[in-house]
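According to Swiss-Prot, the features are:
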type     : residues : note
ACT_SITE : TYR57    : active site, proton donor
SITE     : LYS87    : site 'Lowers pKa of active site Tyr'
BINDING  : HIS120   : substrate binding site
BINDING  : 216-275  : NADP(+) binding site
Amino acid sequence: MAMATIPEVPASALLPTMPRIGMGTAAFPFTSSEETTAALLRAIELGYRHFDTARLYATEGCVSEAVAEAVRRGLVASRADVFVTSKLWCSDLHAGRVVPAARETLRNLGMDYVDLLLVHWPATVAPGSYDFPFPKEEMAPAFDMEGVWRGMEECHRLGLARAIGVSNFSAKKLEQLLSFAVVRPAANQVEMNPMWQQRTLREVCRREGVQLCGYSPLGAKGTPWGSAAVMDSGVLHDIAQTKGKTLAQICLRWMYEQGDVLLVKTYNENRMKENLDIFDWELTEEERDKISKLPQQRGLTGMQFVCDNGPYKCVEDLWDGA
């Protein structure tokens, strides 16, 4: 397979040009490994130019090594040819911790800046811990959204992050953030797939010019937070069979047609290639209609963030009922 060219989200005042498919690096239990670094390097060889990491995942060093090796091999001319997203974990989401935590992420990455820096969850836990799950007694009673965002804006002002955004924010929380943000969030990264289409959130993001980025596009089957609902869907299976595509490709193409950025996660080379083979065909109106009628169910509930001593007493509080 020749190196693929991945379409990009056009640059805007909020966001640098962003490849529409990114390679995720979260593997549970969270750990760095030579296997991860090798897979990321192979992904670069195949044409991937967008990599999604986080302090929690323990893979910032893997991204650093893969990008540095890709430059040494001439696969990319420089770090600037790669789009890197990272996220600040809840233990660093204290007003005075954001900038130091961003600098630590950059040290881990061996980079002067990230293209996109995200607030990982709208929640705060005791500083110094990067465990998940975490002891629920470490949950702070409130999430200082404005204080944290001012720190994110400072990261942007200092050039530590070319763009800033959020992850796992409901439509209501995103609107709350937009009400006071000086530097607006460029992106919101959330669970997204045909069985959890995020219709309400998508509407808000489109209206406000916030790029929607979707993780678990295939439902994350086999992980503690995923389900088999997507991969076991008879409707998606039938569409795939009719088109001569895989079920995974149907899911990814559907998200691509919605205008989303897709975050895929596989270290299998054949599936890496398959994930890039979605750009020269499209779903029919009838197929899109069938997908729109699929029953909806959230995979990642966020129950870890629900506790009596925190801001979210039930799952509905975390997601604001949406």
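Note that the numbers count up from 1, one per residue, in the order the chain is shown.
Using N, Cα and C of the backbone, Cβ positions are placed for all residues, glycine too.
Sequence features annotated in Swiss-Prot and their locations in the structure.
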residue	record	contacts (Cβ under 8 Å, 6+ apart)
LYS87	site 'Lowers pKa of active site Tyr'	THR53, ALA54, ARG55, LEU56, LEU117, LEU118, VAL119, HIS120, SER167, GLN189
ASP232	NADP(+) binding site	none
ALA240	NADP(+) binding site	THR246, LEU247, GLN249, ILE250
ALA248	NADP(+) binding site	LEU218, MET231, ARG271, GLU274, ASN275
TYR256	NADP(+) binding site	ARG20, LEU262, ILE278, PHE279
VAL264	NADP(+) binding site	ILE21, GLY22, MET23, GLY24, PRO217, LEU218, LEU252, ASN275
MET272	NADP(+) binding site	MET23, ALA39, ARG42, ALA43, LEU46, TYR48, THR266
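Taking the Cα atom of each, SER216 (NADP(+) binding site) and TYR57 (active site, proton donor) are about 15 angstrom apart. In the three-state DSSP classification, ALA248 (NADP(+) binding site) falls within a helix. The local packing around SER216 (NADP(+) binding site), expressed as other Cβ atoms within 10 Å of its Cβ over all shown chains, amounts to 25. Other C-beta atoms found within 10 angstroms of the C-beta of the residue listed as 'substrate binding site' number 22, with every protein chain shown included. With a 10 A radius on its CB, the residue listed as 'active site, proton donor' counts 25 other CB atoms from all the protein chains. For the recorded site, ALA240 (NADP(+) binding site), the DSSP three-state label reads helix. The DSSP secondary structure for ASP232 (NADP(+) binding site) is coil.
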